[in-house]
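Undergrad: Below is a structure I'd like to ask you about.
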Amino acid sequence: MTDAEQTIKNQKTQEAEQSLRVFLRSENATLPTRGSVLSAGYDIYASEEAVIPAQGQGLVGTDISVAVPIGTYGRVAPRSGLAVKHGISTGAGVIDADYRGEVKVVLFNHAQKDFTIQKGDRIAQLVLEKIVMADIKQITAEELDITARGEGGFGSTGKN
């Protein structure tokens, strides 16, 4: 392989590593979209009709599989409009870089009435976040840095 061919191969590899690659598993799947040029997340769509019961939860399919860029993971986050207008939030939202199964969305309905999702509705957003892959090192209590906060948690730093 010539130097030029190797350079082109390296460029293509880098481009693939920086792309959100999406496989549409069926004709019911919709490619994720961004609401605006500066949107942090990609809207993801339901591939099926579903009803999330009042005060309940449900698992909604998207019929997509993704390959996130190296050094990132995908976080499934709520859509603000669904949260404010309908009391819908998301859960269990980590997509690891090596996961290749269908992306499914856990939805919680905090409202007092059932919420119906139609095929093609935007149900969540996928946000790519950088990660640090740190080695784990077991330490002793003496090696644990002392901080001003100490063991305070669960509201210990303020009144509200």
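Heads up, the Cβ atoms here are built off N, Cα and C, so glycines get one too.
Swiss-Prot lists these features:
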{"type": "BINDING", "residues": "SER80, GLY93, ASP96, TYR99, LYS104, ARG149, PHE154, GLY155", "note": "dUMP binding site"}
Undergrad: Taking each of the binding-site residues TYR99, PHE154 in turn and counting other Cβ atoms within 10 Å of its Cβ, which one has the fewest?
TA: PHE154
Undergrad: Since the record lists GLY93, GLY155 as binding-site residues, which of them has the fewest other Cβ atoms within 10 Å of its Cβ?
TA: GLY155
Undergrad: Rounded to a whole angstrom, what is the largest C-alpha distance between any two of the residues SER80, GLY93, ASP96, TYR99, LYS104, ARG149, PHE154, GLY155 that the record assigns to dUMP?
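TA: Between the outermost Cα atoms of SER80, GLY93, ASP96, TYR99, LYS104, ARG149, PHE154, GLY155, the distance is 38 Å.
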Undergrad: Counting across all protein chains present, how many other Cβ atoms fall within 10 Å of the Cβ of SER80 (dUMP binding site)?
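TA: Taking all protein chains shown, SER80 (dUMP binding site) has 9 Cβ neighbours within 10 Å.
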Undergrad: Select one residue from ASP96, LYS104, ARG149: among these binding-site residues, choose the one with the most other Cβ atoms within 10 Å of its Cβ.
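TA: For the binding-site residues ASP96, LYS104, ARG149, the Cβ with the most other Cβ atoms within 10 Å is LYS104.
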Undergrad: Look up LYS104 (dUMP binding site) in the DSSP assignment and reduce it to helix, strand or coil.
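TA: It is in a strand.
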